[in-house]
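Worksheet for the structure shown next.
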Amino acid sequence: MIGDKENVHSACRLEIEAVCGKARATVMHLPHVSAKTPMFMPVGTQGTVKGLTTDQLMEANAQVILGNTYHLALRPGGDTVEAMGGLHEFMNWPKGILTDSGGFQMVSLLRFSSVSEEGVHFQSPVDGTDMLLTPEKSIELQNQIGADIIMALDDVVSSTVTGPRVEEAMHRTLRWIDRCIAAHARPHDQNLFGIVQGGLDAKLRAMCLEEMTKRDLPGFAIGGLSGGEKKDTFWRIVDQCTGKLPTEKPRYCMGVGYPVDLMVCVALGVDMFDCVYPARTARFGTALVKTGLLKVKSSAMAKDFRPLDPGCECTVCKSFTRAYIHSLTPKDGSTGAQLITLHNIAYLTNLMSEARAALLENRFPDFIREFMHLQYPNGDFPAWAVEAFSSAGIELSSANS
Amino acid sequence: MSGNFHVEARSGKARIGSIKCSNNCEQGFQGRKVLDTPCALVLTRKGSLPNVTNELFPLTSREALVQISLLDFAVFNANDALGGAEVISQYGKGVHGFCSLKGRSTILSVRAAGSQEFLFDVGARKDLIVGELRGQTQRVKVTVDDLLALQQAMSCEFFEHLSVAAPPNASKKQHESSVWRSLGFLDETISRRSSCKGQLLGVVQGGFEAEYRSLSAKKTAERAATGAIGGFMISGFGFGETPDQWETAVAAAVVELPDELPRILTGDGSPERVLRAIELGIDVFDCSYPFDVAEFGIALALESGKVLPGSAPFAQQPFSRCAYDLCGSGQHVNLNDGEHELSRQQIIDKCTCYACIKHTRGYLHHLLRVQEMLAETLICIHNLFNYNSFLKAARESIRAGNFDEFRSNFIRKRRQDAVSQGSSYPQ
Ligand SMILES: [Zn+2]
Ligand SMILES: [Zn+2]
């Protein structure tokens, strides 16, 4: 199967519009959307992004949203999603969808799971019976769900694990990708992305990159990061991967959602991101703003009549003040969390389109410097970010000179 | 007289009319706000429909007044010990600006629709009542001045004064206190309101005895003669009263009220009770019903009651159903039912609400099953839409002069449907 272009088709065409160092602005033509990258993809685990209507997501400029195969397979089930016309039709979302393989969810959410050559063994959280998710089953489920981009089942180990288990997982991920490719029934309208593993070990990453890129897949993801590893290691692995991944294919860094991390990855050449962070942090009353984080519950907000983020064009910022959102408590229902979630998603999609505009207008380094100075007004940038941007040819300090 | 209300047609005591809301209350709003009655006064929490952000409010029908609950704003921000009056007056754009209620007409209510929490008389003071905030055990004191300060800051189109209820089987003393202390609050409010904007609603109390209801209504109506009142709020329900007690109280109040002012009834707004209230001459009723049922995953399918030609008028049904007995009602879709799993139908055929245009029963069923909050948001939007369509049909039947038929057909149909649907709610 390796490199067998006859059997591996692509339903994705990548148009690179601008490049600055490794960073790039592209248009990713997918079956349901021509997505402008770099882009942030909100997570809609169970066929809905926390409390938001699909029109609100459109207004927040979401282009591709994420569905979790594991959750959808449990409820309503792959057969039901398929019978309802696939996930796009089921949730009435006309733009792009990406589904994960389900493997990560099992390993991270379930206590009783284990991995063998066959697949991921787990106990059904519904009835406790022994279940097995094989690469073939994952792809079958994702074919039923019908997303624009589907992910290969990989052998996930936590990014903080070291030793032979990491190497084993890397090799198994490579064996499984071929099983995924073979099982994929809809290559004409669904794009199977391979996932580069190898933990934090540069040698293993290099091997995995070498082998994975031999497969003519429509796109590649960088997996196994965002699990609590040191930022200094994180960016170097991303840098290593984007250096080796083919430029003409989309690159997706999984699970990254903090604004500074996102900008570092964009500078290093990543095109797409997903994270539950904007919705999760909203539920704790935190809004993402140009100057960092805004704790909406803080009593300083009680009489603050500015929008969450002055200058933000989202519908929440156009209509509501910090003081109003501050006054909403759980006993008033879910509206407070809904409003902050909507703003947070709009913030991240907007951050991405600003980065994109800067790339198109050939002023990306200035944009990054301005972004970082707003996030760190005292100029106390984290050392890892300074180094990461520098390796991408962007010196943070020159904005002051 | 303010001339903000006009009766346009009648069918028996039932009447349709229109309320012109004085738009000097909402700064920057240019449009005319006219509401057709009978209509609903919909429950909000902190000025937002339950689980529907006001960002989505444009998706809902405009044919209703918006209830602003006093306690939500009196204890605005418990942690900061800030009152809503202080915050909103500093903000300076009233409740419409603060809660983004653009173009909506609001009533500042002392007691939220469907709630049973508020109003404890603390005795002799003529300027104070004590309430209990939703979901909290702490008691809250509210004075006439607190209320006026809040109204001044919020600029609701209408506001209600403080009053004292008498529960069923209350003593003579409690009844008298309910009537006279409520009037005392009214007089106090009139004399202290000075430049406070908005139409004051006179509150009719008096428990469930015709004698006291009638007395309270008469005395309150006397104040209306001076032009101090822009409408009436018939209040004090939701204490476990029987339908007969309820009917006695409402009927005794309405007959004493002048024809030219709107009458607003508090309660929960269940369809049977609303139809009976309209029949007795009520114009606006506060309602939590569409949201109460949405919480259970129940979508309303109230029939807009085309009167079938040739159908014999049903004998006047005594109102025998407990208003809180949502279970027996029929004309709903229980979206929890497994039968909807693969349904690609909309909630009800031809419904043009946002939820029905966008989504299937199957999807809503899934959202309920996985406990996603979007389920309740969408069902609330549909329910409010359906409820308002039902009221629109009721208005049309009054205009056509056949409201009695509309009501009896509706009730009969609901009973049939309840039986055929097996009529049970989950849990
Ligand atoms: Zn915003
Ligand atoms: Zn509908």
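For all residues, glycine too, the Cβ spot is worked out from N, Cα and C.
For B:Cys351, B:Cys353, B:Cys356, B:His382, the entry in TrEMBL reads Zn(2+) binding site. As annotated by TrEMBL, domain 'tRNA-guanine(15) transglycosylase-like' applies to B:13-415.
All features noted in TrEMBL, drawn onto the structure.
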{"residue": "B:Cys351", "record": "Zn(2+) binding site", "CB count, 10 Å": "18"}
{"residue": "B:Cys353", "record": "Zn(2+) binding site", "CB count, 10 Å": "23"}
{"residue": "B:Cys356", "record": "Zn(2+) binding site", "CB count, 10 Å": "23"}
{"residue": "B:His382", "record": "Zn(2+) binding site", "CB count, 10 Å": "27"}
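Secondary structure at B:Cys351 (Zn(2+) binding site), taken from DSSP and collapsed to helix, strand or coil, is coil. In this structure, B:Cys356 (Zn(2+) binding site) is part of a helix by DSSP.
What surrounds the Zn(2+) site, by Cβ distance within 8 Å of the Cβ centroid and not counting B:Cys351, B:Cys353, B:Cys356, B:His382, is the set B:Ala299, B:Gln346, B:Ile347, B:Ile348, B:Thr352, B:Tyr354, B:Ala355, B:Ile357, B:Ile381, B:Phe385, B:Asn386 from the same chain.
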